[in-house]
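What TrEMBL annotates here:
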type: TRANSMEM; residues: 6-24; note: transmembrane segment
type: TRANSMEM; residues: 31-51; note: transmembrane segment
type: TRANSMEM; residues: 57-78; note: transmembrane segment
type: TRANSMEM; residues: 132-151; note: transmembrane segment
type: TRANSMEM; residues: 163-184; note: transmembrane segment
type: TRANSMEM; residues: 196-214; note: transmembrane segment
type: TRANSMEM; residues: 247-269; note: transmembrane segment
type: TRANSMEM; residues: 281-306; note: transmembrane segment
type: TRANSMEM; residues: 326-343; note: transmembrane segment
Amino acid sequence: MIGYTILLVCTIALFALFCVGLNLHWGYTGLLNFGHVAFLLIGAYSVALLSQQGWPLWLAAIAGVSLSALLGLVMGVASLRLSQDYLGIVTVGLAEVLRIFVQNETGLTQGSFGVQAYPIVLQGWDPQTWQTGLLVSGLLAIAALGYQQLWQWWRSSASRGRHWLAIVALLSSLIVLPPALLGLADYERYPRSGQMLLLLAALWITVAAVERLVRSPWGRVLKAIREDEEVAIALGKNVLAYKLQSLALGGAIAGLAGVFYAWQLTAIYPDNFRPQLTFDAWTMLVLGGTAHRFGPVLGAVVFWLYDSLTRFLLPALLPLDGAQIGALRIALVGLLLMALMIWRPQGILGRREELSLGR
């Protein structure tokens, strides 16, 4: 149970990080990107292939993030002069071209056999007793500080929405904290717990950095472009340059998610990067709320908790076979999204005044 919970937390954090990049593209800049999985592919294959050739893991990870940002620039130069509808078509086409390329290129990417036996972060790490104690103490101290800040925020906030967000944050921390502590205490049995903490730290730093950026003058220009591109041009802003920067930064964030994706899978294949991942990310973003710093995180939590619960509960409750259960789970997701679009189209945490869906 602990091992599965650690894996679930890793998956939630990984896709939340993936969605943060998509939120920057769509939620803050209004760029319709249906090929977001391309950045995940570049980040994953880069870190796997380069580390396999003897590169240090940290350098291979930086290369993967940088190449993903470069892909964002190339994608932008090729497609940003198109209308929004055509932009979505071009991005999904480019992602499929990349996937088919790695599937058929046997010399560089090993084709459909995939990339295997590459180094994994923290692989073989055997923490000493004092290191484990230090990590556990630090985690408890951070949790205590977080609960204190959450309580102060709760008392000072007059918004019901913020109160609800505080409850979600508290419940999420209670899900993450026990497996993290137990995993660190028995690291030999649960080696993925170290990767989980590293991934959560990367997610927290990324969310904080993006929030700081979108509150800056640069971020306000992105929102102006999202609302009315002509007004931004009239104010003398280089709209194309800002869009390119947004695509590159969002691509770099998704590339970082790709790095962790490769480490989590331990072996990557072209079929791990099908368009379905992009549309899963869109589902999470719409659920959580666009243009909100915690929207991708909450969307990923809801999506993967739903996935885990229905995977185990529905077979026990309904006399259906595996194919029927799978179809029912997808149908329930569709009904959930339909209800959300009717009653709260901006998502759970999104604000209606910043709703870019359907503009």
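Cβ atoms here come from the backbone N, Cα and C positions, even for glycine.
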Find the member of 6-24, 31-51, 57-78, 196-214, 281-306 that has more C-beta pairs under 8 Å to the transmembrane segment (247-269) than any other listed stretch.
31-51
Do the transmembrane segment (281-306) and the transmembrane segment (6-24) share at least 3 Cβ pairs under 8 Å, sequence separation 6 or more?
yes
Could you name the stretch, out of 6-24, 31-51, 57-78, with the greatest number of CB pairs under 8 A to the transmembrane segment (196-214)?
6-24
